[in-house]
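Engineer: Have a look at the structure that comes next, please.
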Amino acid sequence: MGIISKDIKKAVALLQNEELVAIPTETVYGLAGNIYSEKAIKAIFNTKQRPFFNPLIVHIQSPEYLATIVSHIPKKAQQLANAFWPGPLTLVLPKKDTIPDVITAGKNTVAVRVPNHPITLELLKQLPFPLAAPSANPFNRISPTTAQHVENYFRDTIQMVLEGGACKNGIESTIIGFENNDPIIYRLGSISVEDIKAVIGEIAIKNKKEINPDAPGMLEKHYAPSTLTVLSSNIVKDLEKYRNKRIGVLSFKNRIDNIAIKHQIVLSETGDMTEATSKLYDALHQLDSLHLDIIIAEIFPDYGLGTSVNDRLQRAAHTI
Ligand code: TXA
Ligand code: MG
């Protein structure tokens, strides 16, 4: 029998029993456990094979709950929370002493967000504790955007995936921290830089590719398919280079005709950035499962969500 279920009561019981449950969010599925259970938190790291130096995001049920997790809320953090919660914004703020060090990898800050998914909000309201949840994929693999993706990864290691449909946004939350009360983007994500600036004005970006001491999860090789993946801004031209290979193509908008492509996925025929972004990881999962020689992925237009997607594609791509 599969592990996918819609039973919120069962999810509540498992989580109260210090077990893990994969949960739907508007960004990607998360692998969730009670933030106060050492057993559950250790299981998250072990199940994902995630290094302990990489801290977790705490998911809370409402913006008001933030005050129980963090010790200080800068004015701009409050403005961002007002504008985007529930939603794909993660705030990194000074933690309260009650937040266990394993969650934050020993840092004195904690990452928090209110996810915008009705089922997970309902789940959080039924629990007496928040949920720590990294994306529900093995370390360095593509994040899951459907319950089936999670089951494919973890059918033998976790008991339940709470079914919540395909994730609407489809890439991870935007992470914002503060240094001397100045806001900094640590990870580009589901909320575009333009939309952030519209609320709080100028903001620095430290979305580094190397290990970033401020966002230790930002390793260069991340979100990677097993299949060799290359990026392209001119697919027709690049197809020539790989003529004798079994090629999969992931294109943003345009279908490519008359060329031997084994498999092709067009993310949005109308060039709609939101639609294309929401389908990106599922398309990568699909192409990866075909065991082709190479995936050629088209670079998105470099503005709005496209900038966040290009960041993910660069991390997914192999240098050859
Ligand atoms: O959309 C999302 O954010 C999803 C869903 C499940 O909420 N979660 C997610 O979690 O992407 P994860 O663990 O895959 O990525 C969390 C990122 C990591 O890069 C980690 O280093 C960073 O958040 N992070 C966590 N706590 C931090 C802290 N105190 N300071 C800086 N970065 C932190
Ligand atoms: Mg992740």
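Cβ coordinates come from backbone N, Cα and C, glycine included.
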Engineer: Pick the one from T27, T270, T274 that TrEMBL also lists for the L-threonine site with R113, A133, S173.
Structural biologist: T27
Engineer: Counting across all protein chains present, how many other Cβ atoms fall within 10 Å of the Cβ of R50 (ATP binding site)?
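Structural biologist: R50 (ATP binding site): 19 neighbouring Cβ atoms within 10 Å.
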Engineer: What mean pLDDT score does the domain 'YrdC-like' (5-191) have in the model?
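Structural biologist: So the average pLDDT across the domain 'YrdC-like' (5-191) works out to 97.
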Engineer: Given the binding-site residues H59, S135, Y223, state which is nearest to R113 (L-threonine binding site) when distance is taken between Cα atoms.
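Structural biologist: Sorting the binding-site residues by distance from R113 (L-threonine binding site), the top entry is H59.
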Engineer: Please list the binding-site residues from R50, A133, S143, Y223 whose Cβ falls under 6 Å of any atom in ligand 1.
Structural biologist: A133
